[in-house]
Structure formats: C-alpha cells, structure tokens
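Colleague: OK, TrEMBL features for this one:
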- B:12-32: transmembrane segment (TRANSMEM)
- B:44-65: transmembrane segment (TRANSMEM)
- B:71-94: transmembrane segment (TRANSMEM)
- B:101-118: transmembrane segment (TRANSMEM)
- B:154-171: transmembrane segment (TRANSMEM)
- B:200-221: transmembrane segment (TRANSMEM)
- B:233-260: transmembrane segment (TRANSMEM)
- B:272-295: transmembrane segment (TRANSMEM)
Amino acid sequence: MTDPILTVDGVDSGYGEVQVLDDLSLTLGEGEIACLVGPNGAGKSTVLKTVFGMLEPWTGSVRLGDREIGGMAPEDIVRIGVGYVPQTENVFGSLTIDENLRMGGVARDGGLDEVVAELYDRFPILDDKRTANAKTLSGGQRQVLAFARALVMEPDVLLIDEPSAGLAPNTAKEVFDDVETVNELGTSILMVEQNAREGLGISDRGFVLDQGTVKFEGEADSLLDDPEVSRLYLGGESRR
Amino acid sequence: MAQILQYLANGLVFSSIIILGSIGLSLVYSIADFANFAHGDTMTLGAYGALVAFGVFGGLGGTVLGLPIGFFIALAVGMALAAVVAVLTHILVYKPLDTDSIGLLITSIGVAFVYRAVLQASFGTDFLQYDIRRSGPIPVLLDTLDVAVTQRDVAIIVSAAVLVVALHLLLQRTTLGRKMRATADNPDLARVSGIRTDRVILVMWVVGSALAAAGGVFLALYSQLDPRIGFNILLVVFAAVILGGIGSVYGAMLGGLLIGMLHELTPLLGDIGLPISNAYAPAVAFVIMVAVLLVRPRGIAGDMT
C-alpha cells in the first residue's frame with residue numbers, strides 16, 4: 001500500500017442512539033481506489049458519512065494525511081480536499097446542469113470557469129444539456145452530473161456511495177470507467193459498492209464490512225479469490 | 001365590462017400584497033420545513049416600523065409614484081426592522097429548538113402572539129394611518145375606462161413588481177441566489193457542495209421577512225393599520241402559497257396573483273345573481289384553492305423552486 005491519505009482509526013458511529021460502526025478502522029492509500037463491500041446494513045454508507053462529517057464519530061479518529069477531520073462540518077471538509085458523492089438525491093433537481101456544476105465550486109478560490117469547461121470536455125453528455133434542469137436527466141446522466149459536481153473542487157480524496165445503484169449494467173460500466181479515469185488523474189477514491197465483484201474489479205484494495213466492522217481486508221484481487229469471502233459476501237464461488 | 005375591469009384592478013392591488021406575503025412564507029417552508037404562523041405578524045411589524053419611521057422622514061420633500069419620498073424610506077426601515085426581528089427569532093427560538101415541524105408551527109403561533117402583544121402594548125388597538133393625503137381616482141383611467149384607480153394603487157402595484165423582479169434577478173443571476181435555490185432544493189447536498197447553509201438560511205429569513213414587511217406596509221397604505229392586519233390576512237397568504245405549491249417561490253408568486261384576483265372577483269358572483277357577497281371572498285378563494293389541489297395535489301407550480 002502507498003502512504004495513507006485517509007485513515008479511519010477505531011471509530012464508533014451511528015444515527016442518534018443507534019450504533020452502526022463498531023471500532024472500525026481502515027486506510028486509503030494515496031492514489032488508490034478502495035472499495036467497501038458487505039451486506040445491507042453493514043455500515044458501508046455510514047463510513048462515508050462519518051468521514052465526511054455528516055455524522056460525528058463517537059470515538060476514534062478520522063485523519064486526512066496527519067490532520068484530524070473527525071467531527072468537522074462537511075462544508076469545511078470539502079475545502080480541504082475531500083469530495084463526496086451521495087447515493088441518492090445527489091443532484092439539485094431544480095437547478096440547471098451548469099448551476100449544479102457551479103454549486104460544486106462555491107468553495108473554490110478561482111479558476112471555476114476553467115475547471116467547469118474541462119468537465120464539459122470530459123463529459124459531453126453534460127455539455128449538451130447545460131441549461132436543462134437536472135431533474136430531466138436519466139439515472140446514468142444524473143450519476144455523471146453528481147460525480148462531476150464533486151470533481152469541480154478537484155479533490156485529493158473522493159468518497160463515492162454506490163455509483164452503480166439503480167443503473168442498467170451498461171450504464172454502470174460507463175460510470176465505473178469514469179471512476180477509473182478520475183483515479184488515473186490523481187484522485188484517491190473510497191467507494192461503497194453493492195455490486196461487490198464489479199466494485200472490487202476496478203479497485204486496488206477492498207474492505208469487507210459486516211456488522212459495523214471490517215471483517216476482511218486486502219488486495220482487491222485476493223479478496224475476489226478468497227473462497228471464504230466469496231462464499232460469505234460475494235454470493236458464490238470465487239472466480240477462479 | 002367596466003365593472004370587471006374594476007374588479008381586476010382591485011385584484012391586482014390585493015394580489016401585490018398577497019404575493020409579497022406569500023414569497024417569505026414559502027421560502028421559510030422550503031428551508032425550515034414548517035408553516036410559519038408568525039409570518040402575518042411579521043407583516044404587521046413591518047407596517048408599524050414604517051409608521052414610526054414615517055413620523056421621522058415623512059416631511060422630506062419630493063414624491064415618487066405620487067407618494068412622499070419619506071414613505072419609501074419608511075418602507076425600507078420597516079423591511080429592515082422585520083428582517084432583524086425575524087433573524088433574531090430564528091437564532092434565539094426556532095434554531096435551538098429540537099422539535100419537529102408541528103412543534104415549530106405551534107411555536108410560531110406563540111411567536112406571533114408575542115409580536116402582536118408588543119405592538120399592541122406600544123401602539124394600542126386603534127386604527128392608524130400613514131399621514132399621506134389620499135387622492136381621488138386617476139382622471140384618465142376614470143374617463144376612458146370608467147375604472148377608479150388611485151395613484152396609491154398604482155404605487156403599490158409598481159413597488160411590488162419592482163421587489164418581485166429584484167428577487168427574481170437575485171435568485172437567477174447571482175451566486176447568492178443560486179445558493180439559496182440549491183439550499184431550498186436539497187440542504188444536505190448544499191453542505192456537501194461546500195455551501196455554508198447557515199448563512200444562506202439567514203439570508204432567506206432576511207429576504208422573506210423584508211418582503212412580508214413590504215406587503216404589510218402596502219396593506220396598511222391600502223386600508224389602515226391595526227395590530228391584527230397581518231394575522232387577518234395570513235390565511236389568505238397560506239391559501240396562495242399552497243395553491244402555488246408550498247416551498248416554491250415562483251409558485252407563491254403565481255398563487256398570490258390568483259388568490260388575490262379570485263378574492264377581488266368574488267363580487268362578480270353577486271353580479272350574476274348568486275347570493276354571494278364580497279364578505280364571502282375568502283371562502284370563495286379557499287374553495288377554489290381546494291378544487292385546484294384536487295386536480296394538482298402539489299400545487300400549480302408543482303416542484304418548481
């Protein structure tokens with residue numbers, strides 16, 4: 001693993017009185033894609049929400065590099081190089097595509113026009129619909145917009161919650177391709193994915209969560225090959 | 001025919017007032033998710049603030065739209081006062097309360113009582129007026145169209161239109177306005193995007209309350225001022241907001257226009273022989289609101305923001 005850019009260390013967290021994460025620890029290496037997989041209710045999305053300040057860690061620490069970010073507000077975390085793409089309701093439906101992208105850049109110091117222009121180049125589907133309201137987009141297009149909105153800040157770390165949720169297989173594949181492209185351009189990615197095999201397939205490393213804690217972790221390939229992980233969490237035999 | 005024109009002219013004045021009240025009510029609903037029953041009394045508060053300020057500035061020379069310049073200064077003071085009080089109420093009362101939308105609704109009724117009690121204790125319950133000479137109908141309109149419209153009516157319509165256009169430009173053309181729309185659309189995603197929603201919400205209270213105050217001032221200018229004017233009109237404002245689609249600013253404008261018009265067109269029913277007098281105008285407006293909602297449950301504007 002490369003040097004850790006994001007470290008979650010012994011975190012308990014949850015909603016109100018309900019605890020979801022139980023002494024959860026994981027690290028994201030610089031330049032990596034890491035994928036969180038596991039059954040419904042394992043706490044995958046809760047990890048992202050706790051890292052991004054939507055939830056406050058009850059105990060433990062969340063660090064970006066050496067800096068403690070546990071309990072910081074999302075609007076501050078986004079300013080220090082972390083982006084987040086929620087699973088649902090991840091675009092402003094009543095705003096245009098262009099306005100959505102510009103809202104993604106409210107915390108930028110400058111260069112907004114340039115980065116938005118680059119994103120239009122990279123995602124022509126958005127360029128074609130600049131002035132359309134985001135609620136008119138298809139599911140796949142929305143996912144691209146949600147993704148692009150988070151990229152306007154040019155984050156060092158991007159947290160993505162179930163990029164393929166609700167998408168047809170072809171569209172999901174395109175979204176995974178986009179995730180890989182963004183990673184190749186230098187963004188480290190921590191991703192939650194229900195579709196575990198596909199998610200691990202594009203990842204460097206993986207974490208299998210169950211009951212709020214990490215049960216298995218390792219190279220994505222070795223998790224895919226691990227018969228026990230396959231049987232318990234990936235719905236069948238290992239691929240080889 | 002002239003009679004219908006007269007009703008439409010009256011409707012336009014009343015709609016202007018209702019629209020100014022509706023916008024703030026809808027804005028607050030969109031960000032705070034509760035029906036703010038103190039909104040009517042915010043209108044009243046603005047009207048009294050302007051009354052006091054008019055006592056100071058009323059003597060200034062010059063006129064705009066047939067009203068003394070001092071009136072418009074007083075209007076601005078009333079709007080500012082309502083904005084300050086609303087922001088303080090938000091910070092001191094609504095924000096610290098850990099309750100649901102029903103709890104906030106009931107709280108806002110209490111806030112309304114407090115506003116009214118303070119006004120009543122300070123100014124009494126007598127009817128008051130801005131000390132501006134009333135002029136008769138504009139002769140040209142009376143002669144050509146047989147419609148009685150005063151300069152004061154025109155001033156209200158024009159002023160309201162200026163405020164609504166200014167709000168539209170703010171929402172559509174400025175980054176602050178886009179942040180307001182984004183926050184109303186999805187507050188969580190707004191924070192995720194880096195918008196400091198706490199500040200945006202304060203701006204929305206300022207804008208909504210200032211516009212409500214303007215509505216209150218124009219209502220007092222149109223008729224007269226007492227501590228209940230805002231509360232008395234609040235249900236009509238609610239009807240407008242719900243008709244337009246609650247939470248939507250443009251829906252509130254549309255709903256305000258329709259409800260104001262329907263309210264003032266009610267005498268037509270009497271004219272065609274139905275036993276319905278002007279006193280039943282609010283009831284007629286509400287019946288039509290319910291009828292529209294049966295067809296379009298989310299209001300005319302649906303989920304436009």
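Just so you know, glycine gets a Cβ as well, placed from its N, Cα and C.
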Colleague: For the transmembrane segment (B:71-94), find every same-chain residue at least 6 residues outside the stretch whose CB is under 8 Å from a CB in it, and list them.
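Modeller: Residues 32, 34, 38, 42-43, 45-54, 56-58, 60, 64, 104, 107-108, 111, 115, 130, 132, 159, 201-202, 205-214, 216-217, 221 contact the transmembrane segment (B:71-94) from elsewhere in the chain.
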Colleague: Rank B:154-171, B:233-260, B:272-295 by Cβ pairs under 8 Å to the transmembrane segment (B:200-221) and hand me the top one.
Modeller: B:154-171
Colleague: Let me check one thing: do the transmembrane segment (B:44-65) and the transmembrane segment (B:154-171) come into contact, meaning three or more Cβ pairs under 8 Å with sequence separation of at least 6?
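Modeller: Since 3 or more Cβ pairs under 8 Å link them, the transmembrane segment (B:44-65) and the transmembrane segment (B:154-171) do come into contact.
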Colleague: Which sequence positions outside the transmembrane segment (B:233-260), separated from its termini by at least 6 residues, show Cβ-Cβ distances below 8 Å to it?
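Modeller: For the transmembrane segment (B:233-260), the list is 11-12, 14-23, 25-27, 29-30, 35, 37, 39-40, 43, 164, 167, 171, 184, 219, 282, 285-286, 289, 292-293, 298-305.
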Colleague: Against which stretches of its own chain does the transmembrane segment (B:101-118) lie, if we need a Cβ under 8 Å and a gap of at least six residues from its ends?
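Modeller: Residues packing against the transmembrane segment (B:101-118) from afar: 32-42, 44-45, 85, 89, 93-94, 227-228, 231.
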